[in-house]
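Features reported for this protein in TrEMBL:
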type     : residues  : note
TRANSMEM : B:16-35   : transmembrane segment
TRANSMEM : B:42-64   : transmembrane segment
TRANSMEM : B:84-114  : transmembrane segment
TRANSMEM : B:135-153 : transmembrane segment
TRANSMEM : B:190-216 : transmembrane segment
TRANSMEM : B:237-258 : transmembrane segment
TRANSMEM : B:270-298 : transmembrane segment
TRANSMEM : B:310-328 : transmembrane segment
Amino acid sequence: MSKTTLTRRGVLSRGAVAGAGLAVPTIFTGSSVAGFTNEPTGGAVTLGFNVPQTGPYADEGADELRAFELAVEHLNGGGDGGMMSTFSSNALEGTGILGKKVEYVTGDTQTKSDAARASARSMIEKDGAVMISGGSSSGVAVAVQALCQEAGVIFMAGLTHSNDTTGKDKKANGFRHFFNSYMSGAALAPILGANYGNDRKAYHLTADYNWGYTTEEAVRTSTEAIGWETVAAVKTPLTQTDFSSYIAPVLQSGADVLVLNHYGGNMVNSLTNAVQFGLRDKIVNGKQFEIVVPLYSRLMAKGAGANVKGIFGSTNWHWSLTDAGSQAFVKSFGTKYGFPPSQAAHTCYVQTLLYADAVARAGSFNPCAVAEALEGFEFDGMGNGPTLYRAEDHQCFKDVLVVKGKENPTSEFDLLEIVEVTPAAQVTYDASIFGGDLGSCNPGA
Amino acid sequence: MEAIILQVLNGLDKGSAYALIALGLTLIFGTLGVVNFAHGALFMIGAFCAVTLSRILTLSHTIIDETRTDFLGNPLKVDVPYVYGWFGESAGAAIIDWAVPLSILFAIPVMITLGVVMERGLIKHFYKRPHADQILVTFGLAIVLQEVIKYFYGANPIPTPAPDAFRGSFDFGAMLGFDPNIIIYPYWRIIYFVFAAIIIGGVFAFLQFTTFGMVVRAGMADRETVQLLGINIDRRFTLMFGLAAAVAGLAGVMYTPINSPNYHMGMDFLVLSFVVVVVGGMGSLPGAVLAGFVLGILESFASMREVLEVLPGINQIIIYLVAIIILLTRPRGLMGRKGVMED
């Protein structure tokens, strides 16, 4: 017969261990009965769409949400099927995913990492979401991707362009269809060289956060490789609205090209200010002064109005593409909503279909089975030509579009024209150059 | 030397916006004793007056252009503004082109009405409440106003360009004997600075040289005595709230070609404008204007590459740093009056 002696120290230590165990969120513990987090058991499966519904990217978030709704409709057999008819994989039949009706819940990222994590956590814990997708910021994508890795669900990133998402911050449960800063630089440089020559002096204005740094580095590296000189690179606060004091000294520096490593409201304001200062009317070093915007978004270009005319940039996808997949998506989206989809909408739609297809091919919602189905997956018919989901870093490799602000737009949507479709091979890089560790898939149970 | 001239010029237009908003804030604080955190929202609503008038002027009927197609391959629907039909295409296009200057006429009654409604409908109930309550209610109002604007106009910036005649830039350097293209400055920013100077001068002249202004100044100095003289000072202060709203609104209207307006633009200016008011001295109209220009110019200098290389990040803190130094050395701000916010 044993005798149990209660001591103050023993109670405290056991209590601490028990408390710590109880404090661990349920998504990190899971049930040993379930094979993985949020395994669907009824006739439906829930997806979580985490998009900015408030804040400065709310319009982009609204477009993402429209695309998600359309994808769910198509997965459940509604509408005209959109890209399901052009997708090279034939695993999807319009009967939901593995026969389960697709339902969805939405969260508001507010384009803030903490808010995005909170809404993703809520969708996983309370709503039982088996996959999280969406977002309009790299900071948010990295934060939510890490959460999904811990929770044991798949993260299909929305609009995120920083190298880090599938570089130093990559995770085994996270997948990015969108292109990145490196690809923008690699696609843009040859076009810039062909149009503006190889003897140029560039001045960079860079948004003072992670995406700005990776974009500046990518464009600098690729333009210096063709012979351009970088005369200065100045970081601008993310909260800056009037860029005049940053733009005014550009001409004094001897630069003849201004590269605006800005996105969203920053891009609209800095480009507007640069055009106001008449930079594009000036002749410097015997050459016409030029402006470059490495990452374009049609929704943002609309904010800059006529100032985008003639300015080069890159984009992931554009509604004017003539391939069958793009046209099918534009027709579905345009018929339903009355205007063409943005690149953010395209990415979110494609990511949803790719996830569903991977589940169908794997025959399971288990995130590790899904990840295995996505890794190294080659497909076509989704709008960017033949595409590879690279296994090493979960980054998609596909054609990248170099675009230019259209001189004579016919409508408020007709702002950009495609100058070049840069082949995927030209923007492909070694998976190890951005560091990071993919780790191993976490099923969450 | 060129860089210094350039940054002074940049600081002047930035300072113009700060000064106009801070002037309105000080008018409200000086007359009603209210710390109005919704003042940035009034600046934003002024900007959206320009957007609204621009949309009114471009109200259109649709014609079908069978020779072109839309993104779905259907015949292209082309919007033709009604003003083209009423005034002819060239005159109609000119009216649309001048939408921003015309918005001044549109914004004045809208902003005065909005200011009076705000004051009578909400803010007057908080006169005798602590400043903290006033800040909370006006800040809440600011958020409501910006969400209303976002609901109707969306979250994206809306381009509202200056008339064609004022696009492009003026070569100050060439005029001053420097090399061409060294000191350039956009025409519209020159106009903004001149406009701000006229508004500021007008407000000062109104307060200095009219009977109404004299009574208001007397009320600001000693409200009770003015009321004992049988003057309805409250009504005059309400109108001053409307005037302050109009000043902020006009600052917003004229700012639209500089930066495309969005629902959040008021908040971007609000905190800086409060710093301007405090640095200038609570309740001091000349102080607000002076501090607006001083801080605007300092902010421009802090953004210079040469400065940033020596002091990285100084551009983000310069205004607050200067505010701390001024308040440590001159606790009432540059031109603050004794007794204001000291009870």
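Positions of Cβ are set from backbone N, Cα and C atoms, glycine also.
Beyond the transmembrane segment (B:135-153), the same-chain residues lying 6 or more positions past its ends with a Cβ under 8 Å from any Cβ of the stretch are 34-41, 44-45, 48, 51, 118, 122-123, 126, 263-264, 266-267, 270.
Of the Cβ pairs linking the transmembrane segment (B:237-258) with the transmembrane segment (B:310-328) and spaced 6 or more residues apart, fewer than 3 are under 8 Å, so the two regions do not touch. Within the chain, the transmembrane segment (B:16-35) has long-range Cβ neighbours (under 8 A, six or more residues past its boundaries) at 42-43, 119, 123, 126-127, 131, 134-135, 138, 192-193, 195-197, 199-200, 203, 216, 219-220, 237, 240-241, 243-245, 247-248, 250-251, 255, 269-270, 272-274, 276-277, 280, 282-285, 287-289, 291-293, 295-296.
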